[in-house]
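Asker: I grabbed these lines from TrEMBL:
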- Gly44, Thr45, Gly46, Lys47, Thr48, Thr49, Arg154: ATP binding site (BINDING)
- Thr48: Mg(2+) binding site (BINDING)
- Asp66, Arg90, Gly112, Arg173: substrate binding site (BINDING)
Amino acid sequence: MYGVMEIEENMEEPGLHQPGAESVARADLTSRWPGRIVLTGFRGTGKTTVGRLLARMLGYAFLDTDQVLEERLGSTIAAFVQANGWEAFRRAERELLEELARVRRVVVATGGGAILHRDAWERLRQGGFVVWLQADGATIGRRLAADPVSAVQRPPLSSEDPEREIEEQLALRTPLYAAGSDLAVDSARLTPEAIVTLIHEQLVGRSARCS
Ligand SMILES: Nc1ncnc2c1ncn2[C@@H]1O[C@H](COP(=O)(O)OP(=O)(O)O)[C@@H](O)[C@H]1O
Ligand SMILES: O=C(O)C1=C[C@@H](OP(=O)(O)O)[C@@H](O)[C@H](O)C1
Ligand SMILES: [Mg+2]
């Protein structure tokens, strides 16, 4: 079993993950940062890639829901879904989101379908900051086709061909991503590093406005 609760305990430890030489002003700002930064968006928009970099920059822990689920389920997502179906995967995913709603000082990269769990999503969002990574269907299609983890982590969501599936699912989910997020970033035109810088600037700007 993956230790989400261990992370939660760690997060309570004062000073853990604090970057070394920070000015008092910066420390004041960071103390107002949301306890949880959550990344959402369609498959291939860069949630896992950006989340890992962002956590490093903020000095937060990083958690990718798909990686946690694969450890818990003892199987790749593709094999699990083939054996048990999408509903069973979604149940495990929803339970994990409920647990993560209690974890702080963490960047959470969610799977693209986590936004479907409306109530659990709202609880995860509370006290946190949700970033929606956007990309057009063609960019997503290219990235998914080129990414070696697609075969094990991204089994088909429907019986449509990949291009049509992306367009259909994007159309269905876009209103959910829009309603369930606090900031939208176009990942098709920016490098992961530039996206992290942009999110960081937003956090600094927002915490300065709150002071
Ligand atoms: N901003 C970006 N520009 C170009 N390629 C990217 C960008 N973000 C992610 N990628 C690439 O796209 C693929 C999917 O990224 P990943 O982080 O796994 O997305 P997600 O977690 O949203 O499914 C990977 O091969 C990754 O290197
Ligand atoms: O869009 C989806 O429903 C899914 C997205 C995947 O995560 P990424 O968005 O990280 O690829 C993974 O959770 C699973 O294959 C389901
Ligand atoms: Mg991912």
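The backbone N, Cα and C atoms fix where each Cβ goes, glycine too.
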Asker: Hey, does DSSP put Gly112 (substrate binding site) in a helix, a strand, or just coil?
Answerer: coil
Asker: Sequence gap of 6 or more, C-beta under 8 Å: which same-chain residues meet both conditions with respect to Asp66 (substrate binding site)?
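Answerer: Correct list: Thr48, Ile77, Ala109, Gly111, Gln153.
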Asker: Near ligand 3, which of the binding-site residues show up if the criterion is a Cβ under 6 Å from one of its atoms? Options: Gly44, Gly46, Lys47, Thr48, Thr49, Arg173.
Answerer: Lys47, Thr48
Asker: Less than 6 Å between Cβ and the nearest atom of ligand 2 is the rule; apply it to the binding-site residues Gly46, Thr49, Arg173.
Answerer: none
Asker: The record lists Asp66, Arg90, Gly112, Arg173 as binding substrate. What's the largest Cα to Cα distance among them, in Å, rounded to a whole number?
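Answerer: Max span of the substrate binding residues, Cα based, is 18 Å.
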Asker: Ranking the binding-site residues Arg90, Arg154 by other Cβ atoms within 10 Å, which is at the bottom?
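Answerer: Candidates: the binding-site residues Arg90, Arg154. Fewest Cβ atoms within 10 Å: Arg90.
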Asker: Check the binding-site residues Thr45, Lys47, Thr48, Asp66 for any whose Cβ is under 6 angstroms from an atom of ligand 1, and report them in sequence order.
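Answerer: List returned for ligand 1: Thr45, Lys47, Thr48.
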Asker: May I ask which of the binding-site residues Arg90, Gly112, Arg173 is closest to Thr45 (ATP binding site) if we compare their C-alpha atoms?
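Answerer: Spatially nearest to Thr45 (ATP binding site) by Cα position is Gly112.
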Asker: Find the shortest Cα-Cα separation between Arg90 (substrate binding site) and the binding-site residues Gly44, Gly46, Thr49, Arg154, and name the residue that gives it.
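Answerer: Of all the candidates listed, Arg154 is nearest in space.
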Asker: Any idea what the Cα distance is from Arg154 (ATP binding site) over to Gly112 (substrate binding site), rounded to a whole Å?
Answerer: 10
Asker: Please report how many Å separate the Cα atom of Gly112 (substrate binding site) from that of Gly44 (ATP binding site), as a whole number.
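Answerer: Between the alpha carbons of Gly112 (substrate binding site) and Gly44 (ATP binding site) there are 8 Å.
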